[in-house]
């Protein structure tokens, strides 16, 4: 807060003529807070150390070299005794009240101090936790997205194989279809040719049968009865000769 | 010069320099302005938390046009709480124990809400002078009574705060004087009065916070009626 005062006063002084600039430069060694507003310097984790809740530790450290550990306590006691004995501090009704309210305040701080501090710290921690949760969820979302992307890339590699397989399938289907149609064509042609062959066979057979019938008819019609008798007699004579020879063979 | 019981309520003056302005303005440094940090130290975090809780609680029943009063009422709450609790410490002067300061706050703020109500929605504001569900015969009397109660509000607000704090401080002073006086003569009675003083101090601490809250709450109620 006071550094802002330095900036403002420095600006106004600088613009106020010759002496103004010199004054600002001269007092620069006394300005201890940082001269820049960003980055904001970090807050210390704990406040300044105090003893008995009121007296900063620096007083004890300051007096330690000369007066040791009991130095500041002797100083305090001496001061109080001096004020009381010289009646610079008069004991009146306010003293009694001060003792009362002092007891109440000290008791309250001792009893509820830690709880209240923990509660206030929890408010800050909730803030940090919310931001951390948002950050974590975002990081996990992005990690998932990266993994999904990698998966997709792997899938793309596999897609080539998929396309090859599909192409093979299609080619096989086409081949099968072609062969089927060819088979059908062959069958149809064979059927027609078989028909022609069967027709020819039929024709030939009819012709043969017709010829045989005609020949038989002519032969039978040409056989006269005399010829028939002669042939039968001859046959009987042959049979008799045969019978004789057979008998002779059998007897021999 | 002998001190009377009411000297603690005199406006503090040192060499004819009135200190009451410093007494009123100095507690302002206890409440630093918002920092450029995201996470603050404990005192600032607790102040911010308390203020946001209190403001949201007070403005819960008020419809949106009344939310313009949030800054005024929350700063009033902080002012009164700080004045009252700082006055609990020994040897301090409590500005809010002065009728002048409390009447100044109460009168001005009450008049503000009433004029706001009368200007923006006069029929609705005047309608509050006749409570709902009242039998028709009682209307004239009721209107008179409600008008009187309306005009007594600022006096009540101011005097309530003044009286509570003044009475508390006076009692504390009386009891502590009694304790001190009897400490040498009748120590046992002094111990009892000491216990009484202890309890009284606890009560005063509670009253300090409650009275500040009641002041702001009543103003928010009057605002709710009129906005």
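Every residue, even glycine, has its Cβ placed from backbone N, Cα and C.
As annotated in TrEMBL, transmembrane segment covers the listed stretch B:180-199 rather than the other ranges in B:160-179, B:180-199.
If you look at the transmembrane segment (B:205-223), the same-chain residues 6 or more away from its ends with a CB under 8 A from one of its CBs are 58-59, 61-62, 66, 69, 73, 76-77, 80-81, 83-85, 87-88, 105-106, 109-110, 113-114, 116, 153, 157, 160-161, 164-165, 168. Cβ atoms under 8 Å from those of the transmembrane segment (B:180-199) belong to residues 172 of the same chain, restricted to positions at least 6 beyond its ends.
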